[in-house]
Amino acid sequence: MATEEVNKPQSLPPYPEMIVKTLEALNEPNGSNKSAISKYIETTYGELPDATVLGSHLNKMKDSGELSFKQNNYMKADPNAPPKRGRGRPPKPKTPLPPGTVVSPPRPRGRPPKDPNAPPKSPKAKATPGSGRPRGRPKKVPRSPAVAAPTAVSSGRPRGRPPKVKPQLTEVSVES
């Protein structure tokens with residue numbers, strides 16, 4: 001157990017904090033590129049866990065407006081610059097309500113609960129469909145073995161497709 005505590009690397013400060021300190025320390029007029037930032041962090045804080053983590057944090061900070069990105073260089077965002085506008089159409093301005101009006105709370109989501117004190121509803125009469133037949137597949141009627149169904153009288157023609165008519169061979173005599 002004691003060896004685990006000795007071998008633990010020193011804890012690093014959060015990436016955004018390291019990146020901001022790096023940009024302040026490098027203090028380049030046109031900003032610093034990703035490789036310069038990673039080299040400075042490695043020399044100052046030692047080995048980094050993963051190189052891709054730095055890139056993802058730089059992108060997050062760029063998207064949130066903490067950093068500005070120009071010509072492949074990162075620099076601290078100007079505090080006087082207006083905030084970046086979000087995507088899409090901005091919402092319409094809301095018209096102010098006249099004073100004294102009571103705003104009702106919005107309706108809750110979902111189906112409202114049933115009233116426990118309400119009288120039970122009378123059961124509905126089932127609507128019969130247009131035909132007198134019941135829904136679904138009809139029930140199988142079991143046949144009794146004693147009663148044999150009379151077979152249909154055959155008309156002399158067999159069931160199915162008739163066989164193909166073959167031409168009769170005629171005898172041809174060959175005289176020479």
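Every residue, even glycine, has its Cβ placed from backbone N, Cα and C.
Positions annotated as domain 'H15' by Swiss-Prot, on the basis of sequence analysis: 11-78. What Swiss-Prot records for 64-176 is region 'Disordered'. Among the features that Swiss-Prot reports, DNA-binding region is placed at 84-92, 106-114, 132-140, 156-164. Taken from Swiss-Prot, the feature compositional bias 'Low complexity' applies to 143-157.
Summed and averaged per residue, pLDDT over the DNA-binding region (106-114) gives 89.
If one looks beyond the DNA-binding region (84-92) by at least 6 residues along the same chain, the residues whose Cβ comes under 8 Å of a Cβ in the stretch are 65. Mapped onto DSSP classes, the domain 'H15' (11-78) shows 38 helix, 9 strand, 21 coil.
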